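J.: Pasting the relevant annotations from TrEMBL:
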ACT_SITE  E181  active site, proton acceptor
ACT_SITE  Y268  active site, proton donor
BINDING   H180, H184, E203  Zn(2+) binding site
DOMAIN    125-315  domain 'Peptidase M1 membrane alanine aminopeptidase'
Amino acid sequence: CQCIHARSIFPCQDTPAARIRYSALLNVPRELSAVMSARHVDRRSPVSGEGHSHLLPGGFNSLWCSETRVVEEFQMNQPIPPYLFAFAVGELGFREVGPRTRVYSEAVNSVLDAAAKEFAGTEEMIRQGEKLFGDYDWERFDLLVLPPSFPYGGMENPRMVFLTPTVIKGDASGAQVVAHELAHSWTGNLITNVNNEHFWLNEGFTTYAERRIVEAVQGEDRAILNTGIGWKGLNEEMERFKDNLEFTKLKNNQEGVDPDAVYSEVPYEKGFQFLWRIERQIGRPAFDEFIKKYIATFKFKSIDTHTFLKFLKANVPGIEKEIDLVLWTEGTGIPPDAYEPVSNLYTKIVSLANEFKLGRMPREDEVADWRGQEWELYLENLPKVIEASQVVLVFS
């Protein structure tokens, strides 16, 4: 339903400014099952007259109560923005991968086993997230691997994250997408942008939180690779919006604009850079305390950029004298105090990509231990157009 598609399912104030609780009865074929971004209450036979059948066309009640049907009952007790309403129905199976995590997919053993292996480290990610950002307030963190037609990397629906099957890579590197959706459990789901003009409050914070979780679980090098991929993407978005600079701002004007039409990496990566800049200014220990206080203060609320900046200035006195907060939030382009990441591995990969432009391919021993992020960073830094002679196809 993100960002404004909940209205296509049920009548609602389809804005994250209006948080909702809900209960749901899903009537499905008995051979199938349903999952939802809510607490599962019961799976049972239908009851005559439920589901507001008196408001529906004649014969509906007999269909509802057919022996071929079953009712799945759900409850969402925490107030959520409408775009986090989600459900799926199918011939589903699952694997337990932790005390509060199941991985669901179509009931195909090979897919379920691969997903369970890929996401085996999820509980450790949750624990690290709790150390950094406070208690996990959604009870469960289940994962649903959808069919290949699902057109997104992941969607952070509470209690039931939706994922593309392309994150199952066989080396656990796909878990970084899970780290992003997990981070939303605090930044986005718990504290939400009041509307899409302040989308960076969801995605900039979550990108920062994701990289902190990845750093804690997989090490600093891996987090820096992600930051480097993001830095490259941010610069490319500046080129994309060079004729419409409004959408290079963190806080931008979307009046009369479909949010999907201007979706980009800007709120993710420029938002991340802004928070990283504040961390560098006040130091990580102080910034960690600030984020915990921010989450505790505004959880289950929807806020705007002004509210965040007011809270920042109240809790970090004098920060506006050290960092140009207006330039960062309302200015176009990339501020001069943004920062390209630095590490030995990052520098080596970018150098190898630059050497490709001079005709040198990396040796096999130089790339033998590369995983998904290394290859992604390398490919992102290659020229967008190359000669056919520079491409070698290998079939095995």
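Glycine is treated like the rest: Cβ placed from N, Cα and C.
Automatic prediction, not curation, is the source of TrEMBL annotations.
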J.: Is it possible to get the count of other C-beta atoms within 10 angstroms of the C-beta of the residue listed as 'active site, proton acceptor'?
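T.: A 10 Å sphere around the Cβ of the residue listed as 'active site, proton acceptor' contains 23 other Cβ atoms.
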J.: Taking the Cβ of E203 (Zn(2+) binding site) as the centre, how many other Cβ atoms fall within a 10 Å radius?
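T.: By my count, 25.
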J.: Are there residues of the same chain, six or more positions away from Y268 (active site, proton donor), whose CB falls under 8 angstroms from its CB, and which are they?
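T.: Once residues fewer than 6 apart are set aside, Y268 (active site, proton donor) is near W200, E203, G204, T206, T207, G230.
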J.: Taking the Cβ of H180 (Zn(2+) binding site) as the reference point, list residues of the same chain whose Cβ is under 8 angstroms away and which are at least six residues distant in sequence.
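T.: Listed in sequence order, they are G154, E156, T206, T207, E210.
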J.: Would you list the other residues of this chain near Zn(2+) - those whose C-beta lies within 8 angstroms of the C-beta centroid of H180, H184, E203 - in sequence order?
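T.: After dropping the recorded site residues, what remains is E156, E181, A183, T187, G188, N202, F205, T206, T207, A209, E210, Y268.
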J.: By a simple count, how many Cβ atoms lie within 10 Å of the Cβ of H184 (Zn(2+) binding site), its own Cβ left out?
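T.: That number is 24.
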